[in-house]
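Listed in TrEMBL for this protein:
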type	residues	note
BINDING	Arg57, Glu68, Phe69, Pro70, Gly71	8-oxo-dGTP binding site
BINDING	Gly71, Glu91	Mg(2+) binding site
COMPBIAS	10-20	compositional bias 'Polar residues'
DOMAIN	36-166	domain 'Nudix hydrolase'
REGION	1-22	region 'Disordered'
Amino acid sequence: MPTIGVDAVSVSQGGSSPTEQAGCWGAEVRQGAAQPLLLVAAAALIDIDGRVLLAQRPEGRSMAGLWEFPGGKVDTGETPEGALVRELQEELGIDTRQSCLAPIAFASHAYESFHLLMPLYACRTWRGAVQPREGQSLTWVRPARLGDYEMPPADAPLVAVLRDLL
């Protein structure tokens with residue numbers, strides 16, 4: 001079996017490594033009981049003009065007013081792709097196929113009471129007109145402007161990935 005060598009990084013007392021300087025060393029370590037894992041699938045629907053659809057969370061729901069990529073929870077026995085096809089039909093009234101979904105990124109974010117894992121799929125092909133069917137507002141946004149919309153903490157890091165791909 002091949003082995004992979006890793007160079008050791010030494011840190012002198014009073015100094016910090018490049019990793020620590022970047023702010024990614026130890027700041028997010030959580031102790032205690034594991035949080036429940038919530039699997040959610042989301043879509044970056046991309047129209048013929050290269051714009052991405054965002055949905056605004058309606059009043060009365062958690063994080064109301066924030067903008068997010070359409071999608072929803074993966075039910076027991078569903079694949080993320082199957083759940084996303086179902087959610088897009090329920091939320092937006094459009095039909096697509098699993099073969100039209102291309103995985104492009106995922107988010108992993110610890111909220112207060114659960115840990116969210118969210119694969120993001122690009123989708124350029126669907127049937128039907130996009131309609132808000134669950135009281136949400138919808139807007140088509142150019143990739144360069146996605147950062148102008150306040151998003152839930154799990155969605156926000158996906159913006160840079162999406163901009164780079166589009």
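Using N, Cα and C of the backbone, Cβ positions are placed for all residues, glycine too.
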**Message:** Taking only the residues in the domain 'Nudix hydrolase' (36-166), give me the average pLDDT of this model.
**Reply:** 95
**Asked** Measuring Cα to Cα, how many angstrom lie between Gly71 (8-oxo-dGTP binding site) and Glu91 (Mg(2+) binding site)?
**Response** 8
**Prompt:** By the DSSP assignment reduced to helix, strand and coil, which category contains Arg57 (8-oxo-dGTP binding site)?
**Reply:** coil
**Request:** Taking the recorded 8-oxo-dGTP site as Arg57, Glu68, Phe69, Pro70, Gly71, identify the other residues of that chain whose CB atom sits within 8 Å of the mean position of the site's CB atoms, giving them in sequence order.
**Result:** Ala42, Ala43, Leu54, Ala55, Trp67, Gly72, Asp155
**Request:** May I ask which residues of the same chain, at least 6 positions away in sequence, place their Cβ under 8 angstroms from the Cβ of Arg57 (8-oxo-dGTP binding site)?
**Result:** Met63, Ala64, Gly65, Leu66, Trp67, Glu68, Gln136, Pro152
**Request:** Sort out the sequence-distant neighbours of Phe69 (8-oxo-dGTP binding site) for me: same chain, 6+ apart, CB within less than 8 Å of its CB, listed by position.
**Result:** Ala42, Ala43, Ala44, Val52, Leu53, Leu54, Ala55, Leu120, Asp155, Leu158
**Item:** Secondary-structure category, per DSSP, in which Gly71 (8-oxo-dGTP binding site) falls
**Value:** strand
**Request:** Express in Å, rounded to the nearest integer, the largest CA to CA distance found among the 8-oxo-dGTP-binding residues Arg57, Glu68, Phe69, Pro70, Gly71 named in the record.
**Result:** 11
**Message:** Based on DSSP, tally up the residues of the domain 'Nudix hydrolase' (36-166) by helix, strand and coil.
**Reply:** 30 helix, 46 strand, 55 coil
**Complete:** Quick note, Pro70 (8-oxo-dGTP binding site) and Glu91 (Mg(2+) binding site): C-alpha atoms separated, nearest Å, by 8
**Asked** Near Glu91 (Mg(2+) binding site), which residues of its chain come within a Cβ-Cβ distance under 8 Å, counting only those 6 or more away in sequence?
**Response** Ala55, Pro70, Gly71, Gly72, Pro132, Arg133, Glu134, Gln136
